[in-house]
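Peer 1: Dropping the structure in here first, questions after.
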Amino acid sequence: MSHALDEYCGSTFWNASFLDRPDPDLPVCVERTVLVWVPLGFLWLCSPWHLTTLFRKKPPKTPFSKLYICKQVLAGLLFLTAIAGLLFTLAEDYGPSSNSSAKKIPAVLYANPVLFATSWVLVLLLQEAVRRRERAVDSGSLFLFWMLKVICEIFPFQTMLREAIQQISDLPRFCLFYITYGLQVVALVLSAIADVPLGLNKVVKKNPEAGAAYLSRITFNWFNWMVINGYKRPLVQEDMWELNEKEATSYISQEFEKIMNHELRKACSRLEKQQKKKNNSRLKSDPDQNGMTKGISQDVLVMEEIGDKHKNKNKKEKKKDDSNYPKSWLVPAVIKTFKWVLIESAVFKLIQDLLSFVNPQLLKVMISFTQDKSIYDWQGYLYAVLLLVVAVLQSLFLQQYFQRCFVLGMKVRTGIMAAVYKKALVVSNDARKESTVGETVNLISADAQRFNDVTNYIHLLWSCPLQIIISIVFLWVELGPAVLAGLLVMIFMVPINGLLASKSKALQINHMKLKDKRMKIMTEILNGIKILKLYAWESSFEAQLQGIREKELKVMRNLAYLSSCSTFIFACAPALVSLATFAVFVSVSPDNVLDAEKAFTSISLFNILRFPLAMLPMLISSLVQTVVSKKRLEKFLGGEDLDTMTVQHDDSTAVSVRNGTFTWGSDTEPALKNVTLDINPGHLVAVVGAVGSGKSSLISALLGEMHSLSGSINVKGSVAYVPQQAWIQNATLKDNILFGSELNEQKLQRVVEACALEPDLELLPGGVQTEIGEKGINLSGGQKQRVSLARAVYSSADVYLLDDPLSAVDSHVGKHLFERVIGPEGLLKDKTRILVTHGISFLPYMDEIIVVVDGIVSEVGSYSSLRASKGAFSEFLDMYAKEESNRSDAQKDSAADAEQVDVVPESQDPQADSPPEDMVSVTLKRESSLRHSQRHAQPNGSIKVRTSSTARSTINLEESKKGQRLIEKEAMKTGKVKFSVYLHYLRAMGWWHASTFVMTYLLQNVAFIGQNLWLSDWTNDSETYTNRTYPADIRDMRIGVFGALGVAQGFLVFLGTLILANGAIRASRSLHTCLLFNILRVPMLFFDTTPSGRVVNRFAKDIFTVDEMIPMSLRSWVLCLLGVVGTLFVICLTTPLFTAIVVPLAVVYYFVQRFYVATSRQLRRLDSVSRSPIYSHFGETVLGLSVIRAYGHQERFLERNKITIDDNLKSVYPWIVSNRWLAIRLEFLGNLVVFFSALFAVLSRDTLDSGLVGLSISYALNVTQTLNWFVRMTSELETNIVAVERVSEYTEIPNEAAWITEKRPSADWPSMGRVRFEDYKVRYRPELDLVLHGITCDIESSEKIGIVGRTGAGKSSLTNCLFRIIEAAEGRILIDGVDIAILGLHDLRSKTDHHSSGDNGLKSIWFHMQDPVLFSGSLDEEIWKVLELAHLKDYVGSLAAGLQHEVSEGGENLSLGQRQLLCLARALLRKSKILILDEATAAVDLETDGLIQGTIRREFAHCTVLTIAHRLHTILDSSRIFQELCIRNSLISAGGVYKGISEECILGDFEADLH
């Protein structure tokens, strides 16, 4: 081979003597062959891919860019130089001056010009191919080709230059070479510039990545603008760039869904086969059945199986049922969707892994270079440059790998979230019942995130074992079998870590339980804060909470001690491993002497080994968690869909049902049986019946929401649906009404007017443009219901299904809605309307009435015919007619919030974080609770069970007009965290803890450096004892000191971690106590203007950060800081020249770090801010599913979801890139540290011993990672310390008046119960108008006062003043002659009693002011008497646990009436002298109401009773009526007026007075 090449070149191809001299050079033959073939070979290899584009795509119509023209001209010039070269050779060979006897011209001088000429033509074609490729701005392969070409030509460049210094032998070729080289350098520069086509300019403005050149892409330079911007000012959502098409949700979800559906179908068919097998085996085992069932179709068998399952409903069956869904399809779907990204990232990872083993080998030759002084200097420089090149390549590959993996994680999360959302829109009721709204939201928040996190590191599954194997092989080469000793130590560590992990897992579970318990009580406190204040219960709840918190801190301390043990082991591990290995190595044979080469190469290999060993257990545990998520996602996504064929849409009658039997789930009893109905177009039909008879179920069946067992349904045309519980979106009022329809101003105006929304619009600050909060938080129940109705009316559908929309509004509003919208003269008079109602007064206007009894349609007919038939309908009428004169629709008023817009702006819905249940779950729950109460034959099965959110104050609206929103937007901090916040945390830790912790870690670092210096000294022994035996005593001393320093490190880390743990727990205790102490003492106003979710967040997320995240990031930060300082110290110690480099590197480092931290922090904040809309939109969708399906708006919501996810991705993607941007810059800095430490070691090789060189370079090789971590930790610490800032913000809110003052009332106060108001005025906030205008009145002892007035008149404000929930603006209140303003709040509140009305269903722990508030906990002892008085004795007696019966969250396991009675019992027990009843009997049936009124009359005869009411009969017993007049629009109260109303007064007059 070599001979042929010699001939081809006409000179020697290779001779070792070329390199064996101080100034080496390559033979000319190598330069003309190998160095030419390498770059050209690369070009030819890459060309087929480009050429396919060239022949496939037509040239774009855009004109040539200047850059393109320059590139093509350059290639053309190079082609000409190649031709010139060929001509020179021909001229030499055949020209007139050629001498035939002269030496024959070598073939290479013909071959190379031809090769070049064809290659330059190829380059011309490739550049045109790049221009034709869509969205291409440059070509990476062409850039790499030019770079290779320029680098390879450096060798002939210097060869010719050397020659030229003596004499130029071949002038034409000399000139031609330098011209060519110049052109190639220009071509390299041009290939690094992006050539953005005209059509792409707009895209590039919105997304710079699309226009980034290859070099910019691999160094992430295109991201600079974002970083600089983020440094100058805090980034906002508008600064985020558009996503690349392939990163957008619609593209990802489309790709993922295609493959997912395919995999799911395969999994379903596998499941069917398994079930068939099971069935067949069952049939074989039962021969009797076998004969009968031979001909039966598979469907019947499956039905039978289902039937059997429900018969034997024991736990075993349930377990079987649990596994009854398609499995093992999600992971294959993910892998197949993203297979190319996976393969690409795997290739990058493999290359990076292999490169990481080159450095220890280079370190080895570097050490031998310093030991052996005969090696030429140029080799040292070569090694230094190689160290730099390998490190840079490693960095580039690693960052590309990470970029791919993190983007892959993001895509997987996006795909799963989009799939879950799409599934949620079509999921059947059976599948919906299996999970609550919260659990479903968890699928997209927690489970999709799990997949994201695992995908980021999935390649470690094969990469870790590979790294371990390669490390061991190299170590074996260095140290032989001694490496097994070190390996044994490592393997021995694994079970110890495993044991510690399982122990800490048990503690973790315990910790979570305590945390949940604490959060449950905290949420109870916040949702019932008003009751807490009214009853002065804050102290006892504070003590209860602190007790749980102490237990929690105790568990946390144990956890911290455990983690200190594992830290101790982790810190000792490297020292112990190297100790064991080196000790065995030197002890095995006296010939084994530890020299620098062996020691430091082994140590850098051990360092590589530490990473996979630490990562594998973490990866495995996170995989285990992901398996759980996988199962949950597979179960949800594989669940059955709603049958869309249940409802047909033919053009026969408007609505018809034939023999329909419907159930809520395949395993429940039918809710409707044998229903047959025909409703003609344009008819108004009422559906009536008792509670739980199946009225709402009938509506749901017509919507296709129920499981059809038999029969058919037909609905002609489109449907509009008004649910019983209004579903309001978090959007403007206008958007809520339009609901995706086109805007028509006149139509909108008509609808708003008809739905009685005009007065509300005048009050709302932005009219129809007012933004409605989550779940309609700033609308009252009645307003929500009217908006829901307006939405239906605006949609102009053919059939209207109205599920009791009139129950949530005042009677006069109900009348208006019926007349203007629903009734025979209303807007919908020509439409088909099916109205579920309890309002008897509307029934005579109906075309038809359907009477439902126990799920059966018992009668259908007109009002008069049904009245005459004396059937179920007349019973229903009689039941309601008992007190119709004074009750009628008013019964409904209060049953659902009664339009009670309380003047106290109530706090937000309970548990803002967990959405309430949707209609289906409520209906299901309601049915089961009704069955339960029927079983116990309770007389108080409540008439109305309905959820509605808190009433919202009209004050709030007035205030909004003044430009102040009621709920202030949460302040998002921007910019750098103040230093005082860090000091605040350190103070909370205690200065002693903080300082000793840092000192111990400092000592540990000193021990670490000492150990390495000792090792480098030990390796010098190999030179001292070159030809002598190594003395055993010196060997033992070396091993002993080395080991001692190693163990000392571990011990010091252990000690430091313990000190930090104690300090951190001290800080946690102090911060939580201050927060709780203050929150219980802030005035009610704070809770009215702050959503409870925000306060809960301080106790949940922020306290979690203080408890767990801050100590961890603080520890890592200190370790990294000391690590970096230690490394620089060691390098400067060994090569003092290095100090000159430290300062400039530090300056660059500081700037990169500051730029990054500012941008990254803000991107993180934007990510979390843009994440919540995804979850709230999802929660909102799940709640409004039946509405969305009824109107057929699934597609619109899918699109909306994609936009919401995209908004989040717009900040997630830059965050991923910002980390890569930082990493690549820091790694370059680290690589420079390595390069300079090697370079200076070469420069000062004569003064250095090999041990110190090894030490300095092995330290430098580690610095890259430490630098990277240091910036990460700085950023993380800064992000986490914000929690301290947020917590301390809430500890500084001003408090309400003192709980106990020096002026304390006598023990029996108030003995009389006399109340006197003197010119009493009050306003909610200093800047607002008065709510009560100078009230003056006397209430005598034991007097019964009724307080009436319409919504917003100030009835509740009056009672709030008595408890000093609001403080007086002027005037005073005297109780038994004592001015209440001078008393402590607890003295005042514990002596007065308050009982409030109810409204159920919000899945919270307590209910609002006008709600019965219940605690979860045992019913107290010694209360049988009051239970008897409250008519609860029989019920409690029938419970298995009696008085110890656990009341669940929000009293879910008691009916609404029972909750009311329980609250009454609480009032009876307190025996207060003054009792305030706020709508106390709103939610109970007539009979119970009568009983309660009787009890109040008897038991509170000696008390002063103030009763707030909407309805007459509640206050007929009152001795005086206290009426507040109020003009609603201006909220100006016209002062108090007394009016006596005699008992004979009828409802009409009363309503006239009231309104």
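Cβ atoms here come from the backbone N, Cα and C positions, even for glycine.
Automatic, uncurated: that is what TrEMBL annotation is.
Relevant sequence annotations retrieved from TrEMBL are reproduced here:
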TRANSMEM  34-55  transmembrane segment
TRANSMEM  67-90  transmembrane segment
TRANSMEM  110-130  transmembrane segment
TRANSMEM  181-200  transmembrane segment
REGION    273-294  region 'Disordered'
DOMAIN    345-625  domain 'ABC transmembrane type-1'
TRANSMEM  378-398  transmembrane segment
TRANSMEM  457-477  transmembrane segment
TRANSMEM  483-502  transmembrane segment
TRANSMEM  559-588  transmembrane segment
TRANSMEM  608-628  transmembrane segment
DOMAIN    655-879  domain 'ABC transporter'
REGION    884-952  region 'Disordered'
COMPBIAS  884-895  compositional bias 'Basic and acidic residues'
DOMAIN    1002-1279  domain 'ABC transmembrane type-1'
TRANSMEM  1039-1061  transmembrane segment
TRANSMEM  1119-1152  transmembrane segment
TRANSMEM  1228-1245  transmembrane segment
DOMAIN    1315-1554  domain 'ABC transporter'
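Distances, neighbours, how buried they are, the whole picture for these features please.
Peer 2: Same-chain residues lying 6+ beyond the ends of the transmembrane segment (378-398) with a Cβ under 8 Å from its Cβ atoms: 22-24, 218, 348-349, 351-352, 355-356, 358-359, 362-363, 365-366, 369-370, 1223-1224, 1227-1228, 1230-1232, 1234-1235, 1238-1239, 1241-1242, 1245, 1257, 1264.
Non-local neighbours of the transmembrane segment (559-588) in the same chain are 475, 479-483, 485-486, 488-490, 493, 496-497, 500-501, 503-504, 507-508, 511, 594, 598-599, 602-603, 606-607, 610, 614, 1004, 1011, 1030, 1035, 1038-1039, 1042-1043, 1045-1047, 1049-1051, 1053-1054, 1057-1058, 1061-1062, 1064-1065, 1111; each lies 6+ residues outside the stretch with a CB under 8 Å from one of its CB atoms.
Residues of the same chain lying 6 or more positions beyond the ends of the transmembrane segment (1039-1061) and with a Cβ under 8 Å from any Cβ of it are 557, 560-561, 563-565, 567-569, 571-572, 575-576, 578-579, 582-583, 586, 993, 996-997, 1000-1001, 1003-1004, 1007-1008, 1010-1011, 1014-1015, 1018, 1111, 1114-1115.
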Peer 1: Would you kindly list the residues that approach the transmembrane segment (110-130) from elsewhere in its chain, counting only those six or more residues past its ends and only Cβ-Cβ distances under 8 Å?
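Peer 2: For the transmembrane segment (110-130), the nonlocal Cβ contacts are 8, 32, 36, 40, 43-44, 47, 50-51, 53-54, 59, 68, 71-72, 75-76, 78-79, 81-83, 85-86, 89, 136, 138-139, 142, 195.
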Peer 1: Take the transmembrane segment (34-55) and find every residue of the same chain, 6 or more past its ends, with a Cβ under 8 Å from one of its Cβ atoms.
Peer 2: 26, 112, 115-116, 119, 122-123, 125-126, 128-130, 132-133, 139, 141-142, 144-145, 148-149, 152-153, 155-156
Peer 1: Averaging the per-residue pLDDT over the domain 'ABC transporter' (1315-1554), what integer do you get?
Peer 2: 68
Peer 1: Examine the transmembrane segment (1119-1152) against the transmembrane segment (1228-1245) and state whether at least 3 Cβ pairs sit under 8 A, considering only residue pairs 6 or more apart.
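Peer 2: These two stretches do touch.
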Peer 1: For the transmembrane segment (67-90), give me same-chain residues lying six or more residues beyond its boundaries with a C-beta closer than 8 angstroms to one of its C-beta atoms, as numbers and ranges.
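Peer 2: Same-chain contacts beyond the flanks: 105, 109-110, 112-114, 116-117, 120-121, 123-124, 127-128, 131, 172-173, 176, 179-180, 183-184, 186-187, 190-191, 193, 195.
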